[in-house]
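Look at Swiss-Prot and you will find 134, 162, 267 tagged as active site, charge relay system, backed by sequence analysis. Positions annotated as domain 'Peptidase S6' by Swiss-Prot: 57-307. The domain 'Autotransporter' feature in Swiss-Prot is assigned to 1098-1364. The annotation signal peptide is assigned in Swiss-Prot to 1-56 on the grounds of experimental evidence.
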């Protein structure tokens, strides 16, 4: 762009025009054509507000103009890295897709360039920019946000091409430099079908749109802004140094869906290409010129772009280890210095006078280098770059100023030099910088890459400050705090794209948060938990610095609230917009400026007051809170409201809010040039994950696009609103200026934009919860209220309501999967829906575990719907009043409602859903499919439709009535109770239909031989085959009622006249198996009875102590199985007699066993003791005797005849004798035939109970088992100097000599007696005993049996003996 040198008055337009120095002669005749290189701006005639006379892009009028703006600023849908972006026209038609490359990052282009258009310079190195050579007029430029201003201090012009590079005064920390293509000026390198698959550009200046008819309309930029778009493949000329594209035809698909034609006003703006080989975007050119058909760019080559940075370096400083430190001396007057190590000296150059560009860069190589400043250094624009590890210190408090520090990847620099007040140390590079100076560092820090560790040390007075302020930007850097005193937290700010503040286990308190965008991150990765306190406060006048700017004749940009001085009128103005027009044209526009008079002090006070008022508005934090920390938010000054529209990731941390309001919300998508609004439709979803949110007399809102995972604990009148419409937006969002919060209301229009909560909410002491949008979790409410208006609420955890209300508002939908427990009633309002189910299986699709719910009532209003299905069990009355409510019990979906839970039979009785309670609703509709309804009291329904279900009237204590206007029943069972004179009643008043329904009757006392009790009454003419008598098992019998049909003038009745019973073999067998469980326990003890004596024959010794542990499993028919653990401890003594060794001893025993079968399950604990003796004759014969007593504590749960769980005690005793003979085949091997007899006693047991009103009893008497065993063992001994091992195997036959007692069963059909059965089995054992040294014995044995009704499946026992 041309530099403006003077303004000339035009008599035709009667206004000033800006004239370039390149115009040889400029007149203002309307017919005179201006030179291509002359750019004129007529402010009055064209009503332009831009500060430069520039023409820029012409784009399609068919596509929303905002898309081109968003594209250029990486806003809206054009976030860097986004793929497959669809472009639509104004009518919503798809124009095309950006699918050849991920979205480029344009942040390296300037966002402002002083009085020049934005985008005409591009950062390609941390301190260097490139533009067109003919572009001039401003030395200041900004990156990321407008306030991040840098000054160009040096230029390198290309002698033959329209391109130049410029050096900045500091390293840029806000953005990453663009990468430059390594192809460079090669003819044909950028043509179609080559390595580069996509071309994007951006720029600023005057803008136009053109429709398909060729009509062009100007877009007024009001200070200038960026637009961008797609460019076709490029052709080369001038030996590849120039590239061109036919961009003039913006409707040619070859130019891409966002084609744009550029004019001279956009000179210097960048052109990017996607390198498909290296998978990255690279800078390939800057705009130079244009024709009527297209545009021309100068190719950016690495050779030329590298010239200026190379020329700005002094000689490389190569540190040599072992030759001492580098002594750095500097002469500020001459701007020169030296670095000396031993006999080697390197010259350096710093700021000379006011010339920052005189300062040269220094590159330090070598490793473990040391530099000591002998003098304070002002290096001007020169920066320090470290390619190795270094330590830089000051001899005696010397300071350093310059362009900044670059630490290369993998390097670590220990920086022990303080800075200067008013200057910031700029740090880039992927390496680490540890700040380790002493005392108070008055300088600031701006970090854009790598890691900075703040570890400043206290001075003699205990004062410490690593920096006066810390700015974190670009999204790349991390700042680590070694302690909490390094920097005032209020002076930490996060700029463009932010970065990480690593707390490192330290605690911080913020009274203000300066976070420009979502890139701001406060994190703690230390194992030591940090606490962050957000004690946000209103600004104080003393904290506010008000710089006074000068109104520029060329217009400019600023931040709303900035103070300006107009020298021509000597008045002060406060800027209300983000930019202002040139030539003072809008100085009287009250929407742009606020006139605050001529008094400087009063003007400053006005600005301060406005900033104070703004800071008292609700607070907002756009950034992130991550890691191992807790966050505390006390009562805040001002309006005590904090809105978080960033994110929270504290999986093991909590956030605590005391009073006031806390809001978690999504974030409105930022669009270029527009202010975010609560009413806009596009929002970004934000995630808030934490262990717990604690509210104390506070209000919490989870608003649109907020997704929260974590528990909430609300107490002392707190309010929780999940799905709130209350949101806050930031008027400064996307500008980098101070947050200016604006309250609004926003309701999601799609389910995906609704708030989404997952967790458990606990309410206490008059707190309240409103569920208005997506909810998944549980609730515990104590003396509180809960309302649900959401149509997508799921309780997948328990819902518990103690002295608390649960209300489903109009149209709400709630599904409870883990049960609802309420001491009060649940209200379901008009058109609302409440569904109770079991817990879905995480492993099996369509499977559920049964879940019980209980309330004091379910109240249904008009058109409300209530369902229990998929293993849901509800104990509650349902009240529908006179409303047309719908009640659904069960589910017809064959693929859902399955279960493999043992509760399916015991609790659910094999049905999909269970209701225990009455239904009252004369106009209600009840639908039952595969459901069970225990209807007690008086129930009433308008219509009842039942399929494959069961309805049990009454509870066996009080008679119940079910009255239905219309009953349709198929394959359904109805169960009623009678006392022989009265019975439960089913009354159908209007219509009866259906078939294959059975009626069962439970008798509350012994049935009479003759009776006549009405069970069912239906309208006259009803089909008498609708109901038939059914048979059910009660006790140990099958009972069938005798039902006759009576027809009267107005009704058809089903009348009970008697009953028939037959014995049920299955129930009797289940009872017999249950009673026989004691025998199996006896048998387990028998198998363990004589183990000790067998050990004595293998390992003889003297007096000693021993211990044994045995674990085994057994099984029998009837699906019986058991497992047991048996422990014995004992002591015995050897008595040496003539021809015989007699062992006598005592033992204590404990057995823990569990058993189950199709009839019952249970557990037994047995404890006892005994005495034994074993005689081992020298001839090889032996004789063993043992007696033992056991006490048993038993708990069994039966699943037959409603026996339930029984706890009882029993006892048994055992007397055993065994005789055998050990024949030695050799000295080491032997054969041992055996015979054993065990006699015992097992105590009897008796049970009495009722099943469906029928009295039952079950008992067996004490009985005396007699068990014999014969067998043979073989064995062999192996020995060494101090050890001996005896291995053996055995085969035996065990048999009952007496039957195992008698079982007596009694029910209404009479007495049934069952004699015990005998059993026998083959026993197989293998084992070994080991003698270790002289006093230790170890043994191990495996046992199994076969061919018995009861068998030992596997048993293993181990024993240990210590000989005295």
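Heads up, the Cβ atoms here are built off N, Cα and C, so glycines get one too.
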Integer average pLDDT (0 to 100) for the domain 'Autotransporter' (1098-1364): 87
CB contacts for residue 162 (active site, charge relay system) [other CB atoms within 10 A, all chains]: 21
Residue, out of the active-site residues 134, 267, whose Cβ gathers the largest set of other Cβ atoms within 10 Å: 267
Secondary structure at residue 134 (active site, charge relay system), reduced by DSSP to three states: coil
Residue 267 (active site, charge relay system) and residue 162 (active site, charge relay system), distance between Cα atoms, whole Å: 10
Per DSSP, three-state class assigned to residue 267 (active site, charge relay system): coil
Alpha-carbon distance [residue 134 (active site, charge relay system); residue 267 (active site, charge relay system)] in Å: 8
